Amino acid sequence: MSNLNKRPDWIKVKAPNSAEYYNTKDLIKNLRLNTVCEEAACPNIGECWSKKHATVMILGSVCTRACRFCNVKTGRPDLLDPHEPQRLAEAVQKLNLKHVVITSVDRDDLDDGGATHFAECISEIRKSSPNTTIEILTPDFLRKEGAAEIIANAKPDVFNHNVETVPSLYKTIRPGARYYNSLSLLHNIKKLSPEIFTKSGMMVGLGEEISEVIQVMDDLREAKVDFLTIGQYLQPTKNHAEVAKYVTPEEFKYLERIARTKGFLMVSATPLTRSSYHADEDFQKLKENYQQRHCEEAWPA
């Protein structure tokens, strides 16, 4: 597998420099919050923060796993911060967010994998910003009995868990996870709370075959997933997995067309697509697509 050092023009972005970007950065810093935008070196940080969109990362900034694609620090995590849910709710209120995305590191050291902390964050936001819709992007809660029930009972508007890549690459790219456990988690959340929209994403350009990507689409639809995101893998550092291919915009359009035939309510497939990219706008489209598909049914409460 060759290392493709030069990124093509279609995935180059401008460096952030707007006043709104720095305002968002200062607020996040002052409230002592972590964001996946910074920790994972997201290429869309300038655009999102300029719009006051940020994906907050709870449960600390140190992950218990070492996935080969991820730039988040790995090691021994800190103790849980009991005041984090309140600070997060304060940030949501100050930013006047209509839609918030909350993610986390993996916390295999916790009995519930951090599920209760997610639920507490949702509860605090509901108290101070009842009109804000909440999307959570969680780890897989591997071997954490009862975690799915805790999350489902917390009733986020969107539950997102990424399968990340095709099953054949799990041992090298996502060694601490199990593909079918991820599918099971997505399916269980939908089964426990059908009104929650479910979402999952994957990267391409890691050496997967097109046929494998299509099989993942089928598996996700079998798990009743509503929204699929597909984006280009970008190597964070030389210590991470190398890029096997830069997938062209035309190839992404092809994948999107195939995914739409599978029955997803929403599909986003572009080189710069990330799980939380345009999450606010996409949630509105998701609701509209649901209503169009179920025009004779009542909107779920």
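Each residue, glycine too, has its Cβ placed from N, Cα and C.
Noted in Swiss-Prot for the protein shown:
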- Cys37, Cys42, Cys48, Ser276: [4Fe-4S] cluster 1 binding site (BINDING)
- 49-265: domain 'Radical SAM core' (DOMAIN)
- Cys63, Cys67, Cys70: [4Fe-4S] cluster 2 binding site (BINDING)
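Sorting the binding-site residues Cys63, Cys67 by the number of other Cβ atoms within 10 Å puts Cys63 first. Other residues of the same chain near the [4Fe-4S] cluster 2 site, with their Cβ within 8 Å of the Cβ centroid of Cys63, Cys67, Cys70, are Arg65, Ala66, Phe69, Asn71, Val72, Thr74, Val105, Asp106. Across the structure, Cys67 ([4Fe-4S] cluster 2 binding site) and Ser276 ([4Fe-4S] cluster 1 binding site) place their CA atoms 19 angstrom apart. Around the Cβ of Ser276 ([4Fe-4S] cluster 1 binding site), the number of neighbouring Cβ atoms within 10 Å comes to 27. When Cβ atoms from all protein chains are considered, those within 10 Å of Cys70 ([4Fe-4S] cluster 2 binding site) total 22, not counting its own.
For the pair Cys63 ([4Fe-4S] cluster 2 binding site) and Ser276 ([4Fe-4S] cluster 1 binding site), the C-alpha distance works out to 19 angstrom. Distance noted between the C-alpha atoms of Cys70 ([4Fe-4S] cluster 2 binding site) and Ser276 ([4Fe-4S] cluster 1 binding site) is 15 Å.
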